[in-house]
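Among the features that TrEMBL reports, domain 'RING-type' is placed at 10-65. For 105-147, the entry in TrEMBL reads domain 'B box-type'. Per TrEMBL, coiled coil is recorded for 169-225. The domain 'COS' feature in TrEMBL is assigned to 255-313. Here TrEMBL flags 302-365 as region 'Disordered'. Residues or ranges marked as compositional bias 'Acidic residues' by TrEMBL: 311-328. For 346-365, the entry in TrEMBL reads compositional bias 'Low complexity'.
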Amino acid sequence: MDNLEKQLICPICLEMFTKPVVILPCQHNLCRKCANDVFQASNPYLPTRGGSLTSGGRFRCPSCRHEVVLDRHGVYGLQRNLLVENIIDMFKQESSSKPAPERKEGMPMCDVHEEEKINIYCVTHGVPTCSMCKVFGAHKDCEVAPITSIYQTKKTELSDGIAMMVGNNDRMQGIISQLEEACRAIEENGRRQKTLVCEKFDLLYSVLEAKKREMSQKVTAEQEEKVNYIRGLTRKYGDHLEESCKMVELGIQTMEEPEMALFLQNTKPLLKKLAEASSTAHLDKVERGYENMDHYTVDFNKEGKALRKDEDEDEEDEDGEAGTEEGEGAQTVSGGSAVTAASVEPPATQQSSSSPSAAKSAAST
């Protein structure tokens, strides 16, 4: 069969003869179309009238260089070689009875009709299929469309989804930068506020040393809790950004898929994943002012005045007042003018934006 196929190759197009096949006077065969191309190339200035020749022409056989003289009918005046045409038909019939060659990965075939290529798109079910499925198969009552039009629509939709994802990634990168800046601000504000608190407490160190340590620990605890919360949120945004970048890369790879049917098979789940990845509703947002730590303040003016007044009194009264002032000082630090409930307790906006444990800690403070 291989040797026979070599004998059925046209010397012009180098492919199997295409009917009708004409035989030249030298007994060589050509496709009529190829013979006409050679004839036209050999007689470029041959006069024509109404698209037909007015006189004959000549050309040389491409196999033996024998000169072929034609009448006014041109190559249409050459005799057809019906024997070669019949041999071609038998060869093709014999070739079709052989086992089907292995499929190429880039040309998906129908799962039901294995010999049919996927060439249409079922709009009803949203899947590519073959023409036989539309005529006889599961999609005969469905609405279908040319695969080329759906290919362009889905490709545009995927392109828009990728563009939206890239924009979301840029916004998330900006949010991450803001979160990192907020983390640094919280650390700096926490250190500064802790220093101020310590300076205030040093004025009454001998009396309020325990309270100073307690309040310092609370500032540190809230600082660490807020920093940990911000860092955890940063990691979440970073993970979401990484996932989005992977989706963008997958989308770009899918965009480069040249086969329309295979592209459409992968587009539907990919678009769904893109829509899910573009949503940031599940990620917490840090409200403005969350990084502030200045709700921890200390004011000992009242206690200072009381202590200076006590120094002018006699020793006996001073001893009595000392016990009273110690109780008042403890009460003031816990909820009085030294550290008021309003100054210690975080604002409502920060309580709502911080984690539950941070809000509970601030409320207890």
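From the backbone N, Cα and C atoms, a Cβ is placed for every residue, glycine too.
Over the domain 'RING-type' (10-65), the average per-residue pLDDT in this prediction is 78. Helix, strand and coil counts under DSSP for the domain 'COS' (255-313) come to 31 helix, 0 strand, 28 coil. Per DSSP, the domain 'B box-type' (105-147) is made up of 6 helix, 11 strand, 26 coil.
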